[in-house]
Amino acid sequence: MRVLSGIQPTGNLHLGNYLGAIRNWVRMQDEMDADSQCFFFLADMHSITVHEGREQRIRNVRDMAAALVAAGIDPDRSVLFNQARVPAHAELCWLLNGTARIGWLNRMTQFKDKVGKDREGASIGLFVYPVLQAADILVYNATHVPVGEDQKQHLELARDIATKFNTDFGVELFTLPDPIIPRESARIMSFRDGTAKMSKSDPSDMSRINLTDDDDAIMQKVKKAKTDPEPLPETAEGLAGRPEANNLVGIYATLAGRTADAVCAEFAGKGFGAFKPALGELLVETLRPIRSRFMELRTDDAALDAILEKGAARASAAAEPTLRAAYDAMGLMR
Ligand code: ADP
Ligand code: TRP
């Protein structure tokens, strides 16, 4: 088993990033046997599709690395690196640009969502983003790729590109990767609006729990979180049509490792005045150790850079044979 996943290094990490992505990686790493390997990387080459100043981009990469280590990614056991330090990704992307078809990319829903009406004004980078993602995966012959539901289409594209390359050049070079999508894919919603995703770009800081929030801030945000006047229902079914209540119960259940039904059973008939302090405590207990490691790690840029450099060297060594074979299959002398 070769597990690989990437995350765009975006600033201002929040509970949604942790429960929706990072925590799943830690779980996969911890479940690996001795013959398997995990590759986790910061997709900074993908992040050029969002305009960012130089200093901010550097900060974002180091912060995301600190967050991953703080959350439990062990850079000795897993290969942790940033994409820009491993040129094999960009090189293979260029080779695969000869294989990927415009028609395939035209069908990508994430591209359509991101460009909206201004297709002509979108960058080429945004259009070929899924080809770089395919290169990320194929260059390591990854077998399992943990991602959110929204990335399923990109994984299918990676399989299509792999199949066409193998066929066109008569090789059995690329492995077809399988997406690993968590069954109850945690989608954490805003504390101000239960129908909107918790996001770093929400102008209201009260809408999200940041990884940097202290215990008091967490308790305050939970206390002020939007709810409805009804008490908690007997079962999770009773949460239908109550997005805010559903979100808070969902977060509690995820953190406690219990089902939403079990949480409802415990608090049935009680109001949010009783539920919120319990949720706040659980959040504080979960996030406190991660926050303190995160705050400590991000004060030492040299140590973070050393982790990423070491990871990049291991990643480059793992990518090299496949990259070389791809050049060779195409008759490109290197
Ligand atoms: P944001 O929405 O804050 O801009 P990103 O799009 O940068 O977050 O997401 C980074 C990672 O965190 C992705 O893997 C994404 O699936 C996950 N993620 C972000 N927000 C949430 C959320 N509210 N619930 C679950 N996962 C999330
Ligand atoms: N596109 C992914 C996202 O937005 C991030 C990503 C880049 C990725 N390359 C990858 C995920 C390779 C898995 C494998 O979440």
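Going from the start of the chain as shown, residues are counted 1 onward.
Glycine is treated like the rest: Cβ placed from N, Cα and C.
Cβ-based neighbour count (10 Å, all protein chains) for LYS200 (ATP binding site) stands at 13. According to TrEMBL, the ATP binding site annotation covers GLN8, PRO9, THR10, GLY16, ASN17, GLY148, GLU149, ASP150, ILE188, LYS197, MET198, SER199, LYS200, SER201.
Annotation source TrEMBL lists motif ''HIGH' region' at 9-17. Remote same-chain partners of the motif ''HIGH' region' (9-17), defined as residues 6 or more beyond its termini with a Cβ less than 8 Å from a stretch Cβ, comprise 42-44, 47, 50, 56-57, 59-61, 63-65, 67, 82, 187-188, 197-200, 208-212, 251, 283, 287.
For ASP136, the entry in TrEMBL reads L-tryptophan binding site. ASP136 (L-tryptophan binding site) counts 28 other C-beta atoms within 10 Å of its own C-beta, drawing on all protein chains shown. In three-state terms derived from DSSP, ASP136 (L-tryptophan binding site) belongs to a helical segment.
If you look up TrEMBL, you'll see 197-201 marked as motif ''KMSKS' region'. Counting only same-chain residues 6+ beyond the ends of the motif ''KMSKS' region' (197-201), those with a CB under 8 A from a CB of the stretch are 10-16, 187-191, 207-209.
When the alpha carbons of LYS200 (ATP binding site) and ASP136 (L-tryptophan binding site) are compared, the span between them is 25 angstrom. Among the record's ATP binders, GLN8, PRO9, THR10, GLY16, ASN17, GLY148, GLU149, ASP150, ILE188, LYS197, MET198, SER199, LYS200, SER201, no two C-alpha atoms are more than 21 Å apart, and one pair sits at exactly that spread. Neighbour list (ILE188 (ATP binding site), Cβ cut-off 8 Å, at least 6 residues apart, same chain): LEU15, GLY16, LEU19, GLY20, LYS197, MET198, ASN247, GLY250, ILE251. Summarised by DSSP class, the composition of the motif ''KMSKS' region' (197-201) is 0 helix, 1 strand, 4 coil. Across the structure, THR10 (ATP binding site) and ASP136 (L-tryptophan binding site) are spaced 18 Å apart at their Cα atoms.
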